[in-house]
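Asker: Submitted below is the structure of interest, expressed as structure tokens.
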Amino acid sequence: MANYFNTLPLREQLAQLAKCRFMDSSEFADGVEALKGKKMVVIGCGAQGLNQGLNLRDSGLDVSYALRPEAIAQKRQSWKNATENGFVVGTYEELIPTADVVLNLTPDKQHTPVVKAVMPLMKEGACLSYSHGFNIVEEGMQIREDLTVIMVAPKCPGSEVRAEYVRGFGVPTLIAVHEDNDPKGEGLALAKAYAVGTGGHKAGVLMSSFIAEVKSDLMGEQTILCGMLQTGSILCFDKMVEEGIDAGYASRLIQYGWETITEALKYGGVTNMLDRLSNPAKIKAFDLSEELKVIMRPLYNKHQDDIISGHFSQTMMEDWANDDKNLLQWRADTAETNFEKTPAGDVEISEQEFFDNGILMVAMVKAGVELAFETMTAAGIIAESAYYESLHETPLIANTIARKKLYEMNATISDTAEYGCYLYNHACVPLLADFMKDIKTDVIGKGLSVEDNGVDNARLIEVNKALRSHPVEAVGAVLRGHMADMKKIV
């Protein structure tokens with residue numbers, strides 16, 4: 001199989017990257033009607049598989065789970081997830097032949113063997129659905145011409161997909177139809193009904209393409225969403241301990257600080273996050289972030305270039321073929337970092353203290369969000385897609401670090417995201433070595449002293465204007481307006 005994106009002429013590549021439209025709520029007036037009476041069979045019962053299935057069933061749809069015989073015989077977690085929630089469970093051979101819609105919600109590395117196994121069993125004219133387009137775009141999977149291929153991708157972890165649905169809301173969702181596989185022209189209707197079934201239409205839906213979803217998703221998760229948070233955690237912890245700050249305090253400040261800081265990001269963008277700082281601290285964070293952007297921009301460009309060219313995917317798939325040798329080694333190495341091995345202390349840290357003593361962390365989030373957004377849009381990805389894959393998902397990933405540090409983050413994200421995270425981290429830590437030499441406890445660990453409270457009015461006005469005028473703030477204000485009812489993470 002060849003990389004699908006690389007087989008397209010340049011003009012088509014650019015058109016697919018730029019495909020993104022925020023859909024009006026009126027476009028979902030038919031609800032789940034297009035899926036009513038259809039048999040939906042889910043393959044994979046992990047976080048996304050289970051929670052999407054629960055939502056679809058609660059929306060009145062017919063949902064069952066097809067699992068491998070060994071998963072059923074050994075009563076693995078996927079079998080437990082499905083059976084304990086009252087779903088019908090069967091083998092591929094038992095359930096796929098009668099399925100109208102097959103939902104492939106397995107991990108990326110399993111997509112090729114899974115699709116090759118189920119495609120011969122699928123009835124003529126059925127629909128195959130994904131929640132991530134890697135298999136189509138990067139692996140170039142060829143799907144039978146009579147099958148409709150769609151994507152419905154919630155922009156949140158599976159647990160949030162369910163939690164928001166139960167609240168009567170939903171999470172922002174991206175939908176797409178694979179243009180090479182829409183023989184009956186029903187792909188869009190099916191994708192819209194699916195998005196309604198999971199509750200996504202209540203939070204906003206982007207009509208996109210498989211290509212735009214994959215190239216933006218890979219970029220976001222490698223850089224700001226996972227790579228920058230891991231890099232920042234390691235560097236900030238080591239710096240604080242080096243400067244004599246109690247290791248338990250440093251560990252707590254970082255483990256729970258990302259979550260608290262990015263909560264402000266979720267509700268009011270980068271502007272609101274920096275507004276939580278005093279004026280002197282805001283200017284300091286702004287200046288640090290601008291310096292970080294200069295240093296890290298070439299690295300962000302490299303990640304985007306490697307994603308666009310397919311080099312990243314090729315390298316990762318070579319590691320798949322080598323039994324994940326690099327991934328597993330990098331995972332083990334992360335477990336041995338000082339931050340990961342140091343328990344959070346018992347000291348209580350107030351919400352505001354996370355901001356006051358975490359100025360550098362705020363700067364890193366700002367730099368990472370803006371760089372990821374700028375790099376994606378420069379590559380032809382539309383602003384709405386870039387927003388969802390940068391600023392929007394950052395609080396959701398930060399929340400996983402609060403639970404069990406970097407281990408939980410890397411366990412929650414996909415192996416694809418984890419692999420890219422490590423690549424970024426390995427390059428970024430040495431890249432920031434000289435920058436970190438000049439960092440002191442005034443920006444990480446202790447906060448600014450009273451003597452640092454002077455502010456130049458003209459400079460403050462300049463900083464505030466720069467914050468509010470960044471393109472990620474403009475598109476974010478519009479998209480967040482559709483998510484006003486989402487619950488607080490913290």
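Note: Cβ is positioned from N, Cα and C throughout, glycine not excepted.
Take a look at what Swiss-Prot says about it:
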DOMAIN    18-208  domain 'KARI N-terminal Rossmann'
BINDING   Cys45, Gly46, Ala47, Gln48, Arg68, Arg76, Ser78, Asp108, Lys109, Gln110, Gly158  NADP(+) binding site
ACT_SITE  His132  active site
DOMAIN    209-344  domain 'KARI C-terminal knotted 1'
BINDING   Asp217, Glu221  Mg(2+) 1 binding site
BINDING   Asp217, Glu389, Glu393  Mg(2+) 2 binding site
DOMAIN    345-486  domain 'KARI C-terminal knotted 2'
BINDING   Ser414  substrate binding site
Asker: How many Å separate the Cα atoms of Arg68 (NADP(+) binding site) and Glu221 (Mg(2+) 1 binding site)?
Answerer: 29
Asker: Checking the spread of the NADP(+) site as listed (Cys45, Gly46, Ala47, Gln48, Arg68, Arg76, Ser78, Asp108, Lys109, Gln110, Gly158): what is the longest Cα-Cα distance, in whole Å?
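Answerer: In whole numbers, the farthest two Cα atoms are 21 Å apart.
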Asker: Going by Cα-Cα distance, pick out whichever of the binding-site residues Cys45, Asp217, Glu389 is nearest to Ser414 (substrate binding site).
Answerer: Asp217
Asker: Which numbers of helix, strand and coil residues does DSSP report for the domain 'KARI C-terminal knotted 1' (209-344)?
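Answerer: Helix/strand/coil tally for the domain 'KARI C-terminal knotted 1' (209-344): 119 helix, 0 strand, 17 coil.
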Asker: Any idea what the Cα distance is from Gly158 (NADP(+) binding site) over to Glu221 (Mg(2+) 1 binding site), rounded to a whole Å?
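Answerer: Each residue's Cα considered, Gly158 (NADP(+) binding site) and Glu221 (Mg(2+) 1 binding site) end up 16 Å apart.
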Asker: So what pLDDT does the domain 'KARI C-terminal knotted 1' (209-344) average out to?
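Answerer: Here the mean pLDDT over the domain 'KARI C-terminal knotted 1' (209-344) amounts to 97.
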Asker: Sorted by position, what residues of the same chain at least six away from Cys45 (NADP(+) binding site) have a C-beta under 8 A from it?
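Answerer: Long-range Cβ contacts: Gly53, Tyr65, Leu67, Gln77, Ser78, Trp79, Asn81, Ala82, Leu105.
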Asker: Near Glu221 (Mg(2+) 1 binding site), which residues of its chain come within a Cβ-Cβ distance under 8 Å, counting only those 6 or more away in sequence?
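Answerer: Same-chain residues close to Glu221 (Mg(2+) 1 binding site) (Cβ under 8 Å, separated by 6 or more) are Gly227, Glu389, Glu393, Ile413, Ser414, Thr416, Ala417, Gly420, Cys421.
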Asker: Quick check on the binding-site residues: of Ser78, Ser414, whose CB has the lowest count of neighbouring CB atoms inside 10 Å?
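Answerer: Across Ser78, Ser414, these binding-site residues, the one with fewest Cβ atoms within 10 Å is Ser414.
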Asker: So around the Mg(2+) 2 site, Asp217, Glu389, Glu393 aside, which residues have their CB within 8 A of the centroid of those CB atoms?
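Answerer: Here the nearby residues are Lys155, Ser216, Met219, Gly220, Glu221, Leu225, Tyr388, Ser390, His392.
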Asker: By DSSP, what is the split of the domain 'KARI C-terminal knotted 2' (345-486) into helix, strand and coil residues?
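Answerer: Here the numbers are 106 helix, 0 strand, 36 coil.
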Asker: For His132 (active site), find which of the binding-site residues Ala47, Lys109, Asp217 come within 10 Å, Cα to Cα.
Answerer: Asp217
Asker: Distance between Ala47 (NADP(+) binding site) and Asp217 (Mg(2+) 1 binding site) at the Cα atoms, whole Å?
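Answerer: Taking the Cα atoms only, Ala47 (NADP(+) binding site) lies 18 Å from Asp217 (Mg(2+) 1 binding site).
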Asker: Measure the Cβ-based neighbour count of Arg68 (NADP(+) binding site), defined as the other Cβ atoms within 10 Å of its Cβ.
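Answerer: Looking across every protein chain shown, the total is 19.
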Asker: Which number gives the other C-beta atoms within 10 angstroms of the C-beta of Glu389 (Mg(2+) 2 binding site), all protein chains shown included?
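Answerer: Step by step: centre on the Cβ of Glu389 (Mg(2+) 2 binding site), count other Cβ atoms within 10 Å, giving 28.
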